[in-house]
Amino acid sequence: MVSVKLLLSLGASLALASPISPPPNSLLLTRDVAQFNASHPNITIFATGGTIAGSAGSSDQTTGYQAGALGVDILIKAVPQLWNVSNPTGVQFANVGSSEITPAILLNLTRLVQQELDKPECQGVVVTHGTDTLEETAFFLDVTLRTEKPVVVVGAMRPATAISADGPINLLEAVTVAASPAARGRGVMVVLNDRIASAYYTTKTQANAPDTFKSYEQGFLGYLLNIKPIFYFSPALPVGKPYFNVTETAAELLPQVDILYGYQGLDPKLAAAAVAGGARGLVCTGMGAGSWTAPGQQALARLITEHGTAVVFSRRTMDGYVGSRQVGYGAGFLNPQKARYTLMLALSAGYGDEQMRTLFES
Ligand SMILES: *[C@@H]1O[C@H](CO)[C@@H](O)[C@H](O)[C@H]1NC(C)=O
Ligand SMILES: *[C@@H]1O[C@H](CO)[C@@H](O)[C@H](O)[C@H]1NC(C)=O
Ligand SMILES: *[C@@H]1O[C@H](CO)[C@@H](O)[C@H](O)[C@H]1NC(C)=O
Ligand SMILES: *[C@@H]1O[C@H](CO)[C@@H](O)[C@H](O)[C@H]1NC(C)=O
Ligand SMILES: *[C@@H]1O[C@H](CO)[C@@H](O)[C@H](O)[C@H]1NC(C)=O
């Protein structure tokens, strides 16, 4: 069978639609024309790198490998079954380990994904990503995209070269979910290890094992059985999920927000050091339901008064709610890394005290 591979530079078409232009060299759109099936949904896969594109020296190596070694073409070629459920198109957005992803990169990514979703000929989007910060990207996309179409973030815990690599099945499951009409109207989802989860709540719970993305309290949205999605509930969005329009937000307008960790005898000076280093906001990973030491709270209260620092308290426990407090805001159900992006976006949108309280605590 002759397969014609078409490489189209996205540059021209995307530049027309938006004030930003795509990063040079990194945006190639691949579509296998020979396998195009008009009755299948068109799914665009934005590849960012990570273990799912990782390569190691031997099949028993599942740590210490090079993340982001394989291109999106290779990922798609490795799973021909993608063509059974979709017309996949690959966009090589980046190819890095997920610890290299920055807020500025996410701004570019969310705009490109929104542009793609706004096209009538696109039925859904998949983002491949390293798992270490996958939940941050998935959350950022969830609160900055406006769409009914499915958006699925996917990764792998084992590199492509490992025995029992999980990347190919995870990618097929992610594309299958993105191509499924039943997946519409559910916000951004995370698909790994046969589970479908809401990006808003899901967190990485295990450093090494494939069964790692979970939201213990809110649970999963569904399951994949024989690579067919089965949803437990009708489409719904998390209660109180905000939307931030970042179409015209310049990267410099996303302020620095740092995360501090709570522990016995914590050093109150770290908060002032963060603010001196440029932080406009702080997320405190509180003990229990957000508690902080008395000297630590005094230091924070001073920063709020003297520098207008925005302070949000989350928790170092896996789950739970942090409510309103005398100093700063409680993060509600958000974990520190999700509270951080929420605070960055709220600060850049110019939220005042009352709006912050409503955003975090209700
Ligand atoms: C975002 O996209 C713009 C426009 O293509 C580019 O100049 C900039 O370097 C990108 N930023 C990052 C962090 O990739
Ligand atoms: C196109 O997709 C439809 C629905 O999945 C399937 O029945 C049909 O066989 C496909 N056509 C080809 C040429 O593969
Ligand atoms: C699925 O894809 C595989 C590999 O391309 C192909 O051999 C198989 O016939 C396809 N199955 C269906 C049901 O289309
Ligand atoms: C899929 O993409 C092709 C090529 O851009 C387009 O002709 C077709 O209408 C699209 N399919 C759907 C269902 O939008
Ligand atoms: C976001 O803002 C842009 C212009 O800044 C506007 O064109 C677009 O419609 C807005 N999107 C939504 C969903 O409000």
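Just so it is clear, glycine is given a Cβ too, placed from its N, Cα and C backbone atoms.
The signal peptide annotation in TrEMBL covers 1-17.
Taken from TrEMBL, the feature domain 'L-asparaginase N-terminal' covers 42-229. Confidence over the domain 'L-asparaginase N-terminal' (42-229), given as mean pLDDT on the 0 to 100 scale, stands at 93.
Mapped onto three states, the DSSP output places T51 (active site) in helix. Other Cβ atoms within 10 Å of the Cβ of T51 (active site), summed over all protein chains shown, number 32. The active site annotation in TrEMBL covers T51 (among others).
Residues or ranges marked as active site, O-isoaspartyl threonine intermediate by TrEMBL: T51.
Taking the Cβ of D132 (substrate binding site) as centre and 10 Å as the limit, one finds 17 other Cβ atoms among all the protein chains shown. Summarising the annotation, TrEMBL assigns substrate binding site to S98, T131, D132.
In this view, T131 (substrate binding site) is surrounded by 26 other Cβ atoms within 10 Å of its Cβ, with every protein chain counted. Look at TrEMBL and you will find T131 (among others) tagged as active site.
What TrEMBL lists as domain 'Asparaginase/glutaminase C-terminal' is 256-360.
Distance from the CA of T51 (active site) to the CA of D132 (substrate binding site) is 9 Å.
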